[in-house]
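Features as listed in Swiss-Prot:
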- 15-36: disulfide bond (DISULFID)
- 27-69: disulfide bond (DISULFID)
- 50-86: disulfide bond (DISULFID)
- 177-247: disulfide bond (DISULFID)
- 17: N-linked glycosylation site (CARBOHYD)
- 22: N-linked glycosylation site (CARBOHYD)
- 64: N-linked glycosylation site (CARBOHYD)
- 91: N-linked glycosylation site (CARBOHYD)
- 169: N-linked glycosylation site (CARBOHYD)
- 1-103: topological domain 'Extracellular' (TOPO_DOM)
- 129-135: topological domain 'Cytoplasmic' (TOPO_DOM)
- 156-178: topological domain 'Extracellular' (TOPO_DOM)
- 203-216: topological domain 'Cytoplasmic' (TOPO_DOM)
- 239-256: topological domain 'Extracellular' (TOPO_DOM)
- 281-305: topological domain 'Cytoplasmic' (TOPO_DOM)
- 326-337: topological domain 'Extracellular' (TOPO_DOM)
- 358-447: topological domain 'Cytoplasmic' (TOPO_DOM)
- 104-128: transmembrane segment (TRANSMEM)
- 136-155: transmembrane segment (TRANSMEM)
- 179-202: transmembrane segment (TRANSMEM)
- 217-238: transmembrane segment (TRANSMEM)
- 257-280: transmembrane segment (TRANSMEM)
- 306-325: transmembrane segment (TRANSMEM)
- 338-357: transmembrane segment (TRANSMEM)
């Protein structure tokens, strides 16, 4: 909304500068709140195109406005007639409001689901040390980029709706509003760059013979977070010095500065499609190679399935709409770009975490361990080495096989088979004594 107000103010200022020196015996050039009219002689009929800012209200704004210069001045036009001539549909306002409200609800739900699923995925990967590896670190950075994207959407909506309600801010174009848009654009670009990092990592894993994951990891961080920083800073400086209009949230097809953001994203998608083809070719060769073990081949296949699915899934919609003007197929663009795009974070979490075999196995292992500790007591440990003050060293190993359903446990008919082995070795001077005890009773502390 601020961009529309500022664009109207800019058109008014240009009109006043253009018509300031015009002297005529007929009608003087002027700005009539809607459009700029040139000077004309009495009896002259003037036809001008609809102002360019009507493109914000309608896809069909290429109409004309007309006035006649009379002895009493310009003929008056009803503002509603002007709106109709310039393609503004008065009957469609309610339907448009309902559509935009539905779109906002749709992408709010999508980003909320993505935010919850991505946060859960990060917690799962962080809690288990067995899942700490370069591959999952890259996944977590990708998760964080989509989390920041969802947060940026919520913050942007809150700020822009406040700006619409307070039209006084439109004249000043607050720095906070622009900062939110800059952060929003950064998060979008970062999500594409980290998807590119996923493709680069998988390609390096398959193609490089001696692949140092730790060495390459810092380069991946530089690409994923540093690359968007450079381009977004360049775009921000360009907007601030050459096109500082409104809150920077309106994207015009004629805005050349917008390509500072579009070009890197398109380049990352193009690189991912090239990697897509190369990975398929290398993967086919490795799977068919007899020197590659079955387990290693399955590992390549599982990682490739997720990455190769995400590359076309996230790239096609951006490429389709990148070269289409913003005012064409607005409804279709909003549905694909906002609603479907808002669920991308959820898809990432499902493919890289929830459907990951290693993650599922680790969750099952922790669940069984928690279930066993809950049955035996909170102080029970699988292995508990202790060192006494007299030099005794004990190692206790507990193995329990439990076959007990909840119903039988409540009926107190649970049968447990417990095998307890206590291995103790005591050293006194030059003598050694070994003792092995087996039983079916509770383990007590040995001192």
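Even glycines carry a Cβ here, placed using N, Cα and C.
338-357 is the stretch from 136-155, 179-202, 217-238, 257-280, 338-357 with the greatest number of Cβ pairs below 8 Å to the transmembrane segment (104-128). At the 8 Å Cβ threshold, with sequence separation of at least 6, the transmembrane segment (338-357) comes into contact with the transmembrane segment (136-155) through 3 or more pairs.
Cβ atoms under 8 Å from those of the topological domain 'Cytoplasmic' (203-216) belong to residues 133-135, 275, 278-279, 282-283, 286, 300, 303 of the same chain, restricted to positions at least 6 beyond its ends. Comparing residue 15 (disulfide bond) with residue 27 (disulfide bond), their Cα atoms are 15 Å apart once rounded.
Looking at residue 247 (disulfide bond) and residue 36 (disulfide bond), their Cα atoms lie 25 Å from each other. Straight-line distance linking the Cα atoms of residue 36 (disulfide bond) and residue 50 (disulfide bond), rounded to a whole number, equals 10 Å. Counting same-chain residues at least six beyond the ends of the topological domain 'Cytoplasmic' (129-135), those with a Cβ under 8 angstroms from any Cβ of the stretch are 201, 213-214, 216-217, 303, 358-359, 362. Near residue 86 (disulfide bond), with the C-alpha within 10 Å of its C-alpha, lie none of the recorded positions 17, 27, 69, 177.
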